[in-house]
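S.K.: Sharing a structure with you now.
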Amino acid sequence: MSSVTIPNNKVNEPVDHEQPTTRRLRLLSLHLNPPTTTHNNNNLQLEACSSRAKIDVDTNQLSTYLRGKHRDVQEQVFEYFNSRPDLQTPIEILKDEYRELCMRQLVGLVREAGIRPFRYVVDDPSKYFALLEAVGSVDMSLGIKMGVQYSLWGGSVLNLGTKKHRDKYFEGIDNLEYLGCFAMTELHHGSNVQGIQTVATFDPLTDEFIITTPNDGAIKWWIGNAAVHGKFATVFAKLMLPTNDKNSLSDMGVHAFIVPIRDLKTHKTLPGVEINDCGHKVGLNGVDNGALRFRDVRIPRDNLLNRFGDVARDGKYTSPLPTINKRFAATLGELVGGRVGLAYSSVGVLKIAATIAIRYSLLRQQFGPPKQPEISILDYQSQQHKLMPMLASTYAFHFATVHLVEKYSQMKKTHDEQLVADVHALSAGLKSYSLSICREACGGHGYAAVNRFGSLRNDHDIFQTFEGDNTVLLQQVAGDLLKQYQEKFRGGAFAATWSYLRESMNTYLSQPNPVTARWEGEDHLRDPKFQLDAFRYRTSKLLQSAAVRLRKHTKTLGSFGAWNRCLNHLLTLAESHIETVILENFIEAIKSCPDANSRAALKLVCDLYALNLIWSDIGTYRNVDYVAPNKAKAIHKLADYLSFQVKNIAKELVDAFDLPDHVTRAPIGKQSPGEAYAEYTQFVGF
């Protein structure tokens with residue numbers, strides 16, 4: 001039988017007019033001799049990663065790359081609070097005392113340390129978000145209180161108002177004279193902002209708006225800074241304008257209004273404003289969340305934040321946007337900075353939790369071979385299985401949030417609609433990760449309040465809800481994906497974040513290649529192309545099947561019923577897309593890393609992140625024969641081995657976060673193992 005010669009670079013491509021016998025021989029040849037993968041990205045080759053030896057990680061080099069250009073402002077925050085032990089949050093503190101401490105912390109940061117966050121919000125958003133991460137690492141309540149003041153209250157004035165509002169309020173917001181709130185959520189309406197019931201009725205006789213809470217369901221609820229410290233509130237309400245018929249009003253949709261709630265000098269609640277305390281919470285008790293009711297509170301017409309809609313003296317309404325829905329979308333689009341800040345802060349919490357859990361796991365020794373010393377609990381595969389994927393996810397989320405902030409900064413400069421869509425999509429999926437695994441991995445000592453897992457978990461838990469419930473936000477991502485899918489078949493262009501779908505929808509929706517489905521070599525499984533292809537295939541398959549199901553069910557259930565019938569499918573689709581974008585950014589970050597050993601370490605961590613996620617959803621890949629049984633087994637085996645490899649450099653990876661002991665503040669997470677148990681025993685009185 002004559003041999004069949006196939007060019008290497010075309011090894012996986014069908015040949016035009018290929019005879020069946022030739023094709024079978026080609027596929028058999030591939031199966032027996034998988035080609036060596038090559039890339040144009042030379043610095044993404046496996047480098048030292050493929051070596052069985054431990055990677056020599058220079059912690060300083062890796063830390064410099066991780067922390068980026070705003071390390072200085074973070075160090076300034078850490079040093080200030082280290083110099084002020086009176087401002088450090090004690091383990092046990094009453095709610096009211098905690099709120100006052102949190103206020104003193106914020107005042108000290110701004111007026112003593114001289115850090116002016118509001119200037120960064122305007123001039124350098126990436127610096128602001130780096131500052132927010134550091135402040136949240138010191139105390140998450142402080143980070144949230146700062147975010148309410150500058151991202152939400154200050155951001156609403158900057159982004160929804162016009163020059164007259166900035167001129168009047170900027171300095172007071174910046175120096176904390178004008179402490180404020182962001183009053184959007186109501187008792188009966190949270191995620192459905194268009195359903196809020198608070199009304200702002202224009203009175204042409206007095207040139208004022210009348211802010212009214214029409215029923216208990218419209219009470220503004222969970223409003224940060226409202227219970228104790230706030231003097232102003234940005235109140236979201238339906239704008240009602242008189243019509244020619246004196247007995248009727250025209251609803252112009254949700255608008256934002258600046259409403260004074262306390263006297264600037266006496267701090268007493270103003271007439272018509274009723275403020276109550278939302279009480280003790282599961283976490284974040286340094287933030288004074290309150291409830292607001294307005295009883296016909298009159299404010300000047302100029303207090304309408306009028307960037308997207310204005311009312312003239314005669315009551316005439318004007319807007320650069322033609323419809324209520326477009327105005328509403330533009331309004332919410334300008335408020336996405338709060339969500340970006342939460343994503344960044346969330347990663348800061350993960351870094352602290354991972355640092356404490358991994359340092360303790362290296363320190364703690366339990367059992368061992370007969371007549372041999374005990375071994376570190378991180379040497380146990382079960383502990384590696386708990387903590388190494390979590391550490392890999394922390395690194396992945398870090399680079400994704402850095403990318404998100406870059407996109408957000410571009411968006412603020414250009415107001416590009418595609419960038420707005422990108423930022424919305426990414427920020428929707430980067431808000432939360434369960435910290436329970438860290439607590440459990442540290443056994444009984446993880447349950448001690450002094451070791452912080454309880455407070456970190458409780459403070460972080462709400463990240464799944466505020467600034468938009470995760471389930472609702474993921475539905476928005478799914479909706480955007482379906483729009484992009486529809487645009488494709490109309491010949492339209494994909495927005496940047498979704499651009500991979502252009503290729504993948506064409507390439508991946510054909511039958512999986514029966515040969516590559518069986519490749520199980522380590523080089524292949526650790527190839528970024530294989531990993532990205534797998535992630536993209538899953539998203540494309542989910543997107544196509546979601547579109548088919550929605551089309552089918554819409555015929556009998558209507559559009560809302562069909563959406564609800566397919567809701568779990570749509571949430572999985574959104575999560576798959578976000579995971580794909582996270583992996584893309586991780587791979588790009590590795591390419592950009594200037595130090596070879598740091599690149600090798602990051603590549604190892606990235607491989608674990610990717611393969612662990614593929615294995616966690618292996619059923620999807622098996623159901624469509626994208627991965628054969630032998631390959632699935634190889635993926636599982638390699639993910640376990642990569643956890644072991646990451647364990648070998650786990651200390652260096654958490655040290656690269658560069659969190660000093662006075663920030664982590666957990667005895668079992670001390671940098672020096674010799675100090676950990678000593679400080680712990682001193683704490684309980686020995």
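Here, residue 1 is simply the first one shown, and the rest follow in order.
Glycine too: its Cβ is placed from the backbone N, Cα and C atoms.
Not my notes, these are from TrEMBL:
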- 1-11: compositional bias 'Polar residues' (COMPBIAS)
- 1-20: region 'Disordered' (REGION)
- 181-297: domain 'Acyl-CoA oxidase/dehydrogenase middle' (DOMAIN)
- Thr185, Gly224: FAD binding site (BINDING)
- 333-481: domain 'Acyl-CoA oxidase C-alpha1' (DOMAIN)
- Glu467: active site, proton acceptor (ACT_SITE)
- 527-682: domain 'Acyl-CoA oxidase C-terminal' (DOMAIN)
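Are these features on the surface or tucked inside, and what touches them?
M.R.: Across the domain 'Acyl-CoA oxidase/dehydrogenase middle' (181-297), DSSP classifies residues as 6 helix, 54 strand, 57 coil.
Taking Cβ-Cβ distances under 8 Å and a sequence separation of 6 or more, the neighbours of Gly224 (FAD binding site) in its chain are Ile144, Lys145, Val148, Leu152, Cys181, Phe182, Val287, Asp288, Asn289.
As a whole-number mean, the pLDDT of the domain 'Acyl-CoA oxidase C-terminal' (527-682) in this prediction is 92.
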S.K.: Helix, strand, coil residue numbers for the domain 'Acyl-CoA oxidase C-alpha1' (333-481) per DSSP?
M.R.: 116 helix, 4 strand, 29 coil
S.K.: Neighbour count, 10 Å Cβ-Cβ cut-off, for Thr185 (FAD binding site): what number do you get?
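M.R.: Taking every protein chain into account, the count is 19.
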